[in-house]
Amino acid sequence: MGRRPARCYRYCKNKPYPKSRFCRGVPDAKIRIFDLGRKKAKVDEFPLCGHMVSDEYEQLSSEALEAARICANKYMVKSCGKDGFHIRVRLHPFHVIRINKMLSCAGADRLQTGMRGAFGKPQGTVARVHIGQVIMSIRTKLQNKEHVIEALRRAKFKFPGRQKIHISKKWGFTKFNADEFEDMVAEKRLIPDGCGVKYIPNRGPLDKWRALHS
């Protein structure tokens, strides 16, 4: 018996049902890699960031997330080179979906009990996504803006429902506005740290502040 179509599990009807000691025998999620491209690129190398944002409250299967990841990665490698971007899938499939297997052969009514004891066995995993939640993000150089939009547009076709593409006003994957970012780094209020930054507040021990600005 094949996998049941994901349209059967599209809507968030039940409470979150994660893998636990009570919910065992869950098959592994299809998506294993959540970061692709040049993951270790410094924060100042990729200022542009594009998001795919969900416009529906629904469930996205791990197979769909994997398909979208592959699709976006393939296009970005072709258009920007394998070291010209960093893709991050922002959803993780933790919700377990179940299936109550029914026999469809002759004499099945003698072998099974129909809807008696209909709590199913784990079949796979899905990610629950809210309206306005980011599904996937890509950071890259400013000249690759059109490529980011096209990569996310192609990846959208792998998902049910409606998604929007949003070019962020923030710098890369950080939470700071792009127009203020370079000034804050120059003032040493932000310290680059891998693909993120450390924020140095204006309060705290004076000795620390003096050591930083000396």
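The backbone N, Cα and C atoms fix where each Cβ goes, glycine too.
Annotation source Swiss-Prot lists citrulline at ARG32. Residues annotated as SUMO2 cross-link in Swiss-Prot, with similarity to another entry given as evidence: LYS175. Residues annotated as ubiquitin cross-link in Swiss-Prot: LYS188.
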Spatial neighbours of the residue listed as 'SUMO2 cross-link' that are distant in sequence (at least 6 apart) but have CB under 8 A = none
Inquiry  = Between the Cα atoms of ARG32 (citrulline) and LYS188 (ubiquitin cross-link), what distance do you get, rounded to the nearest Å?
reply    = 37
Task = Have a look around the residue listed as 'citrulline' and count the other CB atoms within 10 A of its CB, chains all included.
result = 9
Note = Quick note, LYS188 (ubiquitin cross-link): same-chain residues at least 6 apart with CB under 8 Å of its CB -> ILE200, LEU212, HIS213
Key: Structural state of the residue listed as 'ubiquitin cross-link', classified by DSSP into three states   = coil
Local backbone state of LYS175 (SUMO2 cross-link), from DSSP in three classes = coil
